């Protein structure tokens, strides 16, 4: 094996520049016109129509081939398990969205059925999600605050909130922003804008979800302590809310606090038991379902609301809501929030979908996911649901209990349907503090993401900075503003990294055609008389000037000073020539008058008196003969980048240093051609496909120059 690894190779060929490579490889200049591309994209045929139909409605492609023997049992168990989780989570996350709990059940039913038809992921569980719910809650409480629904009660001479009117208005707001976010997602999917998720890097998403989880926790403190803090909006709202909660702590309802603590401790203990017995249990213990059942029974038997003032869920209407078009007048007020919801919901769903697609060997269509989520949200908005996304906890349960297709999600929706039609009213006595406890415990995974900080510190400090900055911005601002600021910050880190690349001089690994940075290797030697310069980033307007400065620094050539000296010497030479020419002309005229009868003699004198110009001085031996710009990291050149390379070649050429390029990608060569880099004096002969070709070219030219110098010296002798 060792001998096979050390097998060498030998290639004998001439040095090839890009022009010769184009001829040798017969480069094709055929380009498809834009009109032809458009015509091809809209051309319709039977197979193409079928493919488009199956990709737009994925259920038509996989459901006819559904295997009952292989998938039915796993999907059935998984669907029931996830449906049981939907009940407590839907009701709990409805509190985050500031709408009645039953609307959380609606959001766990309609969107799931739509995603079952149009979604391309087999394993993710869509439905209510904490981050999305808290973003919805920020919108509903901003546009429908308690202060807008205060009414005066004559019997008590006090003002109180008209809860029914407030909740009705908040449902309208939630439905409007959900419907609009769905339209945004569908529009982005139709224009093939699925790549937008690439701007949401993993550190950004994890930092953002951690920051949003903190917003979720703070929003639920009022249910944990049984207090009623005022709602704050805008920047630093979370800090103001925490301060007010601390101020209201003396007014804590002891009964509510006890219910919260007991619920949290019980949920944590059973979840830890689930983890400990995970491999032994065929199905995880439905801890949330058991929790709300036990809490509901105790609340009903003890009358927690009447005796201890513990706030309960209240009326849960049976049946389904009729479709109602969202209030269009609200669209203008929620357009920014809707776009943020569309991006966040899609980013979380596609990230999780790709994880399971990679694990199980299938592909998730990012644009189809946008359309599926958009339809789920827009149709859900018509049925008064709030925005949904993918839940990590439910998805893990769906996958671990044997779910293999979206049939499991459809079955979980059927479980919710049964609950809404016949069982929902049984949970009217459920304390809201228990729902808040369920939210806290389910955020355990997001809180563990703080461990990303030491991991990223060791692996990539810039990613750690993005994580911390995203968390900070999300906590200080609202989640929607925090997302925008975080994306902007992430983009700035990319720009700064391209503005501050690593510049290196390359040398040759002995007896090979391999070149490496001389500062990183001890056995790498620079080529005498040749400077090989590389930048680790692309060359464009933001770093073009720094590229030139780094080249001057690394090569040790003060190009500005040398050009200035050359211009001064040239100007001095021209002045001397003009002066000598005038003197020669004057002397010739004088001699012509004095020696009018001897033309041959005067002609000789004039000839002898005229100054001759030397062919040129020998190049400075301290300067390199050639500079090779290694451009393999460059993936595009803008007009400033092309101009920079043209100026480098001209300026260094003026002082006798040849500049050649190597490692150019096809797109970069096209940029050079369209940017006017080539001319009558500059051809593709200065472009080489490899560093070694460029080095051999420069060494050949140097040997030729030395030979010419020797011939000139021999001629003089």
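Heads up, the Cβ atoms here are built off N, Cα and C, so glycines get one too.
Unlike curated entries, TrEMBL annotations are predicted automatically.
What TrEMBL says about this protein:
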COMPBIAS  595-606  compositional bias 'Acidic residues'
DOMAIN    520-698  domain 'STAS'
REGION    574-618  region 'Disordered'
TRANSMEM  93-118  transmembrane segment
TRANSMEM  124-144  transmembrane segment
TRANSMEM  173-197  transmembrane segment
TRANSMEM  256-273  transmembrane segment
TRANSMEM  285-302  transmembrane segment
TRANSMEM  338-358  transmembrane segment
TRANSMEM  370-389  transmembrane segment
TRANSMEM  409-427  transmembrane segment
TRANSMEM  471-496  transmembrane segment
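With a cut-off of 8 Å between Cβ atoms, the residues of this chain six or more beyond the transmembrane segment (124-144) that come close are 82, 86, 89-90, 93-94, 96-99, 104, 107-108, 111-112, 115, 166, 169-170, 173-174, 177-178, 208-209, 212-213, 215-216, 219, 231, 233, 330, 333-334, 337, 340-341, 344-345, 348-349, 352-353, 356, 373, 376, 386-391, 394-395, 397-398, 408-409, 412, 439, 442-443, 446, 478-480. Most Cβ pairs under 8 Å to the transmembrane segment (338-358), among the stretches 93-118, 173-197, 285-302, 471-496, belong to 173-197. Ranking 93-118, 173-197, 285-302, 370-389, 409-427 by CB pairs under 8 A with the transmembrane segment (256-273) puts 285-302 at the top. Ranked by Cβ pairs under 8 Å to the transmembrane segment (409-427), the stretches 93-118, 173-197, 370-389 are led by 93-118. With a cut-off of 8 Å between Cβ atoms, the residues of this chain six or more beyond the transmembrane segment (93-118) that come close are 56-59, 86-87, 126-130, 133-134, 136-137, 140-141, 167, 170-171, 174, 216, 219-220, 223, 313-314, 316-317, 320-321, 368, 371-373, 375-377, 379-380, 383-386, 388, 406-407, 409-410, 412-413, 416-417, 419-420, 424, 427, 432, 435-436, 439.
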